[in-house]
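According to Swiss-Prot, the protein carries these features:
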type	residues	note
DISULFID	CYS90-CYS173	disulfide bond
CARBOHYD	ASN4	N-linked glycosylation site
CARBOHYD	ASN169	N-linked glycosylation site
TOPO_DOM	1-16	topological domain 'Extracellular'
TOPO_DOM	39-54	topological domain 'Cytoplasmic'
TOPO_DOM	75-91	topological domain 'Extracellular'
TOPO_DOM	114-133	topological domain 'Cytoplasmic'
TOPO_DOM	156-184	topological domain 'Extracellular'
TOPO_DOM	206-233	topological domain 'Cytoplasmic'
TOPO_DOM	255-276	topological domain 'Extracellular'
TOPO_DOM	297-342	topological domain 'Cytoplasmic'
TRANSMEM	17-38	transmembrane segment
TRANSMEM	55-74	transmembrane segment
TRANSMEM	92-113	transmembrane segment
TRANSMEM	134-155	transmembrane segment
TRANSMEM	185-205	transmembrane segment
TRANSMEM	234-254	transmembrane segment
TRANSMEM	277-296	transmembrane segment
Amino acid sequence: MEPNDSWRVDSEFRYTLFPIFYSIIFVLGVIANSYVLWVFARVYPSKKLNEIKIFMLNLTMADLLFLVTLPLWIIYYYHEGNWILPKFLCNLAGCFFFINTYCSVSFLAVITYNRFQAVTRPIKTAQATTRKRGISLSLIIWVAMVAAASYFFVLDSTNIELSKTGAGNLTRCFEHYEKGSMPVLIIHIFLVFSFFLVFLVILFCNLVIIRTLLTQSVQMQRNAEVKRRALWMVCTVLAVFIICFVPHHIVQLPWTLAELGFQSGNFHQAINDAHQITLCLLSTNCVLDPIIYCFLTKKFRKHLSEKFYSLRGSRKCSRVTTETGTEVVVPLSQVPVNSLKK
């Protein structure tokens with residue numbers, strides 16, 4: 001493959017930003033999502049998973065798919081945008097990036113709609129058997145996203161660029177668009193408008209949930225706690241969308257136009273810089289998604305609280321020195337209360 005003209009702009013700060021940021025996301029994301037899977041396996045028998053827990057489990061799997069490719073991107077940006085790995089791994093990384101992004105959007109959307117039904121039609125929702133629907137919707141989402149992402153797996157994903165330092169050529173991964181390519185533009189227009197259509201539906205559902213919860217009279221303290229958690233859940237889902245997905249899709253279309261040669265100069269450089277930042281924000285959904293689970297399931301919160309207090313308790317074990325000078329560990333429950341006061 002011959003090197004192409006170096007007409008495209010570059011944002012060189014990304015070669016420092018992405019390795020650091022993606023490393024943090026990788027560590028936090030793997031820990032958080034692996035813990036979620038462990039809790040699901042330990043607390044919830046597979047046959048007792050209801051619709052929303054099925055969606056949560058699938059969302060976790062989508063996040064882990066993206067996380068396993070982060071080391072590939074870390075290596076890529078560490079080498080200043082030079083893909084030194086086998087070409088098929090570039091295709092795989094791009095494929096999993098697409099699957100994670102739009103599976104996450106889809107599963108957050110159906111989770112929101114599930115909560116919308118629970119608030120607006122509580123009796124009907126409580127009586128409905130939703131396990132089969134959860135499995136069916138999950139299969140539809142996965143099949144649709146994998147089918148769409150297969151395009152990136154067969155695409156010629158790499159291209160050769162001349163290094164700006166003149167030290168040789170760089171192999172780029174998913175960083176080349178043919179000037180004026182209308183198919184590429186149409187695909188991006190479809191993705192961006194589809195996202196904002198889904199976002200508007202989610203925004204509407206969440207606003208209805210908030211209004212309904214705020215207008216309900218609270219007669220018991222327990223109900224007040226349930227309402228508080230429900231409101232936090234709504235705010236968390238909206239925060240994930242606004243922080244992670246909205247900035248990327250706002251920038252995506254003008255960035256595509258600039259990459260295709262419809263815009264140039266200072267605008268192209270500015271929008272390319274902004275695009276790199278939105279890619280970082282997009283990856284944070286892998287860390288933020290597990291927070292939603294804390295507000296959605298009672299058992300998950302209980303298990304997390306028990307582990308947290310268990311760790312605190314083990315750290316607070318009192319060390320008492322006997323008269324003989326031998327140090328022994330005494331459980332906290334057996335230490336007099338007055339001895340713990342400092």
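Cβ atoms here come from the backbone N, Cα and C positions, even for glycine.
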Worksheet, complete the sentence: Model confidence for the topological domain 'Extracellular' (156-184), as mean pLDDT, reads 82
Discussion item. Three or more CB pairs closer than 8 Å, sequence separation of 6 or more: does that hold for the transmembrane segment (185-205) against the transmembrane segment (92-113)?
Written reply: yes
Worksheet item: How long is the line from the C-alpha of ASN169 (N-linked glycosylation site) to the C-alpha of CYS90 (disulfide bond), rounded to the nearest angstrom?
Response: 17
Worksheet, complete the sentence: Answer key: the stretch among 17-38, 92-113, 134-155 with most Cβ pairs under 8 A to the transmembrane segment (55-74) is 92-113
Worksheet, complete the sentence: Counting only residues at least 6 beyond its ends, the same-chain positions whose CB falls under 8 A of a CB in the transmembrane segment (134-155) are 49-55, 58, 91-92, 94-96, 98-99, 102-103, 106-107, 110, 174
Worksheet item: In the topological domain 'Extracellular' (255-276), how many residues does DSSP assign to helix, to strand and to coil?
Response: 16 helix, 0 strand, 6 coil
Item to complete: Sort CYS173 (disulfide bond) into helix, strand or coil using the DSSP assignment.
Response: strand
Worksheet item: Taking a Cβ cut-off under 8 Å, which residues six or more beyond the ends of the topological domain 'Extracellular' (75-91) line up next to it in the same chain?
Response: 10, 12, 14-15, 17-19, 22, 152-155, 157-158, 170-175
